[in-house]
Amino acid sequence: MNLGFISDLHLSETDTSLTNAFVDFLKSHSSNLDQLYILGDLYEVWIGDDDSSSLITSTKNALSKASKAGLEIFFIHGNRDFLLDSSFAESTGISLLPDPFFFDYFGKKIALSHGDMFCVDDTEYQTFKKQVRSPKWKTEFLNKSLVERKSIASSMRDASKKNSSQKDLMIMDVNTNEVTSFFDKHDIDLLIHGHTHKPNIHELDGKNSKLKRVVLGDWDKTGWCFYLDSTSQNLEEFKI
């Protein structure tokens, strides 16, 4: 079984080249992948499943076509698209997964996550995440009009960019002790995540073997995908 993992595409109305690249990616991989895992932040912002913008419509159609062609597609929420819900999943044929998600693959235990759960040094972000992920906040937000939600989302993005520019880059990366504890607690062999936009494959010393942490890259001028099958694993960068 051939698996692919992507994250952090940050698709938006303002960059059609990225949207086209994602649509082309789905077309070209529908026949050579069995499963595709999207580990969050597929969209730059998600204000509700009732958004019918051209971006949402075109990507929904592409996901639906890929699903019908036989590609199993799984999705883990990111910090940008955590409001994506079951209505979208049902209309596209994708499956929503919890964060983290665990599965066994040819004798290896694998964990998937968007990755922000490991950035515990950024306490301001973790506090904000707890607030907006609460059922109360989500219900209140989704009960607002589409126009109101777009305005709020725009303000939140601007504030996020300003805050990020003022933060030490180190606190926005994963905490290595948090990652090590996660490996030990869940006894996993491989962790795959995104969020930090620092693509790499890190090796950790396990009890009996080398453990791996794969960090997926964000899509911009190039795209990234981690490919995994029974005999090989590759983190590949490609032009957009």
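Cβ coordinates come from backbone N, Cα and C, glycine included.
Record check, TrEMBL: Mn(2+) 1 site residues include D8, H10, D41, and the candidate from H197, H202 also listed there is H197.
H10 (Mn(2+) 1 binding site) counts 19 other C-beta atoms within 10 Å of its own C-beta, drawing on all protein chains shown. Taking the mean position of the Cβ atoms of D8, H10, D41, H197 as the Mn(2+) 1 site, the remaining same-chain residues with a Cβ inside 8 Å of that point are S7, L9, G40, G78, R80, G194, H195, D218, W219. D41 (Mn(2+) 1 binding site) sits 5 Å from R80 (substrate binding site), taking the Cα positions as reference. When pLDDT values are averaged over the domain 'Calcineurin-like phosphoesterase' (1-199), the model yields 95.
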